[in-house]
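**Q** My questions all concern the structure below.
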Amino acid sequence: MFKIFSFTGLSTLIKIITGYISVKIVASIIGPSGVALIGQLQNVTSIFTTFGAGGINNGVIKYVSEFKNEETILKKFLYVGFKITFVLSLFLGLLIIVFCSYLSKIILLDPKYYYVFIFLGISLLPLSLNNYFLSILNGFKEFKKFVIINIITSILGLLFTVFLVVKFQLKGALIANVTYQSIILFVTIFFIRKYFWFSKEFFLGKWDKLTIKKYSSYSLMALISVVTVPVTQMLVRGYIINKYSIQQAGFWEGINRISGLYLLFVTTSVGVYYLPKLSEIKVDSLLRKEIFKTYKIITPIIFVCLVLIYLFRELIVNILFTKEFYPMKDLFFWQLLGDFFKIMSWLLGFLMIAKSMTKMYIITETVFAILLILISYYFINLNGVIGATQSYCLIYFMHLITMICIFKNLIFSKN
């Protein structure tokens, strides 16, 4: 396990470094207002990406890891998954192109950016297929290939983004954000082309109702998650813009960018190993052992990293951004504490995905999203932009307590 974390940690480190460089260049050229618009676009892109794939990628990881030695069953999951991804992403991509001006107006506050959504519509199919193939690779525990592809993605993404931002400023930043991941499909195909499952017989077959039904629980969980998180961020960001200014929203987006970079350690280093592992384990005592083992490795690393980030926050702002972003340093404490609670709750929350606890997952995600919006509005009115980070911290502390209560029998069992 530690070897896998170390290996994927290299990928995460490279992704963080390239992300830092990208953030610095983008922030320097387009400023806080531009960063706020990029945040809006990234949120809506993540929604479209998940809807385009039918929200089945976590289901693909689970069922590939579960049935990798049963070829007949595996074929059903792979060709049904491929059809869902292909049909939905193609259909949604066309809709995005048709309504490009309207989407530009409501998301980027100006119809003149319509061309960004044309690029997004065209890119959605290759982007969705790339994520689908990576999920299969993850399910087979091909960690080395998975990590190599992620490293190449990070480096190419940085070069692509820097080129477009330097040449076209804000326009380039917007286009880069919706297109760079789709070109990685060709890299992924190169690495998976010799695998036995990368053949027509695994992707061409009839629709199977039972397989679709099994995928549907993961679709519901993924779609709820991808709607609640970005929509919540968009509403909070919009409230800050209306209440204060787009400049203030840019500071909040900046702290979210920093947060997103080090949270990659969990989503990449832990997610690659943890979800397939939890899906495989059927015995509660082994499941509990695996969860505690992960906590023992992750908790001290995350704690030390967050403390260091807080101590060097002024230096980080100066390195990553510009003097315009200096007021952002006041947002660090509550954001970092909230991130700690978030990671601790995530490690238990993965169980809901691994064990298909659809109803409980939907209820908790929806309730906490609504609470985050309402409490954010209250704290923003009370304390300004820092209130958004205070509400974030409070919500994820409550979320951690809720996860402990839901899984208390598993966690505290003596058997």
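Note: Cβ is positioned from N, Cα and C throughout, glycine not excepted.
A TrEMBL annotation is a machine prediction, not a hand-curated record.
When I checked TrEMBL for this same protein, it listed these features:
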TRANSMEM  12-38  transmembrane segment
TRANSMEM  44-65  transmembrane segment
TRANSMEM  77-107  transmembrane segment
TRANSMEM  113-134  transmembrane segment
TRANSMEM  146-166  transmembrane segment
TRANSMEM  178-197  transmembrane segment
TRANSMEM  218-240  transmembrane segment
TRANSMEM  260-276  transmembrane segment
TRANSMEM  297-320  transmembrane segment
TRANSMEM  332-353  transmembrane segment
TRANSMEM  360-380  transmembrane segment
TRANSMEM  386-407  transmembrane segment
**Q** Counting only pairs at least 6 apart in sequence, do the transmembrane segment (113-134) and the transmembrane segment (218-240) share 3+ Cβ pairs under 8 Å?
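**A** Taking Cβ pairs at least 6 residues apart, the transmembrane segment (218-240) and the transmembrane segment (113-134) are not in contact, as fewer than 3 fall under 8 Å.
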**Q** Three or more CB pairs closer than 8 Å, sequence separation of 6 or more: does that hold for the transmembrane segment (12-38) against the transmembrane segment (332-353)?
**A** no
**Q** State, in range form, which of 44-65, 218-240, 386-407 has the highest count of Cβ pairs under 8 Å to the transmembrane segment (332-353).
**A** 386-407
**Q** For the transmembrane segment (77-107), could you work out the same-chain residues 6 or more beyond its ends whose Cβ comes under 8 Å from its Cβ atoms?
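**A** Tertiary neighbours of the transmembrane segment (77-107) are 40-41, 44, 48, 51-54, 56, 59-60, 63-64, 67, 113-118, 120-125, 127-129, 132, 136, 197, 202-205, 207-208, 211-212, 214-215.
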**Q** Have the transmembrane segment (44-65) and the transmembrane segment (297-320) got at least three CB pairs under 8 Å, pairs 6 or more apart in sequence?
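**A** Contact between the transmembrane segment (44-65) and the transmembrane segment (297-320): absent.
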